[in-house]
Amino acid sequence: VLGVMDADLSHPPARLPRLFVAIGAGADIAIGSRYIRGGKIVGWGFKRKLMSDVATLLAHLFTDVHDPMTGYFLVRRETLDGVTLDPQGFKLLLEVLIKARYQQVVEIPITFTNRTAGKSKAGIGETFAYLANLMRYLPYKRSVIMQFGKFALVGASGTLLNLAIVYLLTSRLEMHYILSAVIAFIVAMSSNFILNSLWTFRGSLERRAGTRYLQFALVSVLTLVINLLVLAFLTEILGLYYLLSQLIGIGIGLIFNFVGNKVWTYAR
């Protein structure tokens, strides 16, 4: 059995016996988790907590484990036979979860206490290293790439439907263009929801359809807000040509939309 934990006692050593019990009971990986019932973090400010939440959200593209960013875990040695680990940074567990050969993962709640001496490794450099890691992990999760491609195609169909409805209602039925745009947004969003439920995230339409639709709508509205904020910032503050700003905003919005729906709306 191999183990990882912080040497500054941020991770409670008293939880080690429970991790070993989990391994002894058949778990391939036992994790000290901050994000399940009974787990918590003590001593983090808002910025640090936000960074951790965003990193965990992105990690959920690759795994359903609640706390894939923890640095406190045990793993059976044989699950890593023939596996090359090369994480750029200190978030080793996520790479283990993506590359190792395992059947069962158990999460044990822990209280993570912020260090009282020294400085955290978290920073801009570590953030970029983490994002680079996520890009390197994509080939190991081709299903994510396939889902993103399907999601983008559905989004493109929704855009065409949106434009067609705006044109029809405004030019043919003489409706005010703002009202036309609102109706077009709702219809296109509903179409996207149905297609994503039936195709991108197959089999999701039959489970909690009403709740999923509301979640999908909320993510769509937030995506629109992000798109507009990026458009305004790049155009007004950085002086970019507005169409280029809009293109960048659409790209960022698409990524946010996909991540939000995959890890929240269509979470298992």
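For all residues, glycine too, the Cβ spot is worked out from N, Cα and C.
In TrEMBL, annotation is done automatically, which means it is predicted and not curated.
As recorded in TrEMBL:
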- 2-80: domain 'Glycosyltransferase 2-like' (DOMAIN)
- 150-265: domain 'GtrA/DPMS transmembrane' (DOMAIN)
- 151-170: transmembrane segment (TRANSMEM)
- 176-201: transmembrane segment (TRANSMEM)
- 213-234: transmembrane segment (TRANSMEM)
- 240-259: transmembrane segment (TRANSMEM)
Contact between the transmembrane segment (151-170) and the transmembrane segment (240-259) (at least 3 Cβ pairs under 8 Å, separation 6+):
yes
Other than its close neighbours in sequence, what residues sit by the transmembrane segment (176-201), given a CB gap under 8 Å and a spacing of at least six beyond its ends?
147, 150-151, 154-155, 157-159, 161-163, 165-166, 169-170, 209, 212-213, 216-217, 220, 224, 261-262, 266
Any idea what the model's mean pLDDT is for the domain 'Glycosyltransferase 2-like' (2-80)?
92
Using DSSP, what's the helix, strand and coil tally for the domain 'GtrA/DPMS transmembrane' (150-265)?
100 helix, 0 strand, 16 coil
